[in-house]
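Asks: I'd like to ask you about the structure that follows.
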Amino acid sequence: MLFSFNEWLWQEKYWLPPNSTWAQLEDRDGLVFAHPHHMLAALPVALVLVAVRIVFERFVALPLSRWMGVRDEIRRQMKPNPVLEKYFLRMGQRPVETQMVLLAAQCGLTLRQTQRWFRRRRNLERPYLSKKFCEASWRFVFYLCSFVGGISVLYHEPWLWTLALCWENYPQQTLNLALYWWYLLELGFYISLLITLPFDIKRKDFKEQVLHHFVTVGLIAFSYSSNLLRIGSVVLLLHDCSDYLLEACKMFNYSHFRRVCNALFIIFSLVFFYTRLIFFPTRVLYSTLFDSIKNRSPFFGYYYFNVLLVMLQILHVYWFCLILRMIFNFLWKGQMAKDIRSDAEESDSSDDGAVPESPQLKNGVTRGSGPAVANGPRSRAAGRLANGHTQST
């Protein structure tokens, strides 16, 4: 059965243009071609990168964060409460006010105390600045090294500057050994990001990030297997142009170097806009959609590859909308206050929209008219729930 599946999967009509065969891509006369099984080496590379990341973050990034003045806020602990903890873990981190009232009455707390417990518990779930800095540092180092490495590998290639040459004599294009290693490291890195997803910081665009990682892995693996290395390497280099700038911006933001952060963010925004919203759709997508089929008919891989590239472009537009929001905040407030994809830490002074409590006296009564719920919250919602009817006025 496995053999039959393997035979079906690697049919030439899926991976290669018409009138092309795997036999034409066999190594011969000193010529080396890309083969799909080469990409299996990306799995151990990904595991090695995970190990290197752990060592880097602990022994390089963390001391660097302290040297740059990154300080984690001291978070106030809340009293253990099994009822509230069970609700927090199973039902949600932000109960609505009516549910908050019921929980307060069940635990013998006031509404304000219950809200404060949930605020502090949510804060414990949020990553510390040092963790954010370490994660950004690792990605900055990799993206910068990848960008420099990509430039050194591709700079002298004529098809980097004239994308139509990416399809010259396709698919019978020989493999450059340096390009292979760069491609392998890129694939291993994005696989490592998928491996560490449960442990990485989850921002508001978490789903989009996961989709991006899967699309990227699909593009790298398919482009290598179909010998689309030339156009694939252009796509990779195009993304590395701005990624390291974003991570550097985060690092300086976490360490409160506001001016450096602001300057880097403006540079990043301009680079991102040109590479991903101008160059990518008008040059790269145009080339994959039209130049690639000038001398050959479309095949399954043509549609699959372009669908993934279009998905990537949609993500580019989504992220640029977030960038525009941050630029608006920058122009309005004069500085890049925070990453809008991250949740801000809540202070104990925030009230979550609660109704202020009346001064509490002995025996569970308050100043003013109206009955009170013994050992419970003092709010309009409490009055509606007490004894199944509302307080009389």
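Quick reminder: no glycine exception, Cβ is built from N, Cα and C everywhere.
Pulled the feature table from TrEMBL, pasting it below:
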- 86-129: DNA-binding region (DNA_BIND)
- 84-128: domain 'Homeobox' (DOMAIN)
- 131-332: domain 'TLC' (DOMAIN)
- 343-393: region 'Disordered' (REGION)
- 38-56: transmembrane segment (TRANSMEM)
- 136-155: transmembrane segment (TRANSMEM)
- 180-199: transmembrane segment (TRANSMEM)
- 260-282: transmembrane segment (TRANSMEM)
- 302-328: transmembrane segment (TRANSMEM)
Asks: Report, as numbers and ranges, every residue of the chain located at least six residues beyond the transmembrane segment (180-199) whose Cβ falls under 8 Å of a Cβ in that stretch; write 'none' if there are none.
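Replies: Distant Cβ neighbours of the transmembrane segment (180-199) are 34, 38-39, 41-43, 45-50, 53, 142, 146, 149-150, 153, 210, 213-214, 216-217, 220-221, 224, 229, 232-233, 236.
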Asks: Using DSSP, break the domain 'Homeobox' (84-128) down into helix, strand and coil residues and give each count.
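Replies: Summed by class, the stretch gives 33 helix, 0 strand, 12 coil.
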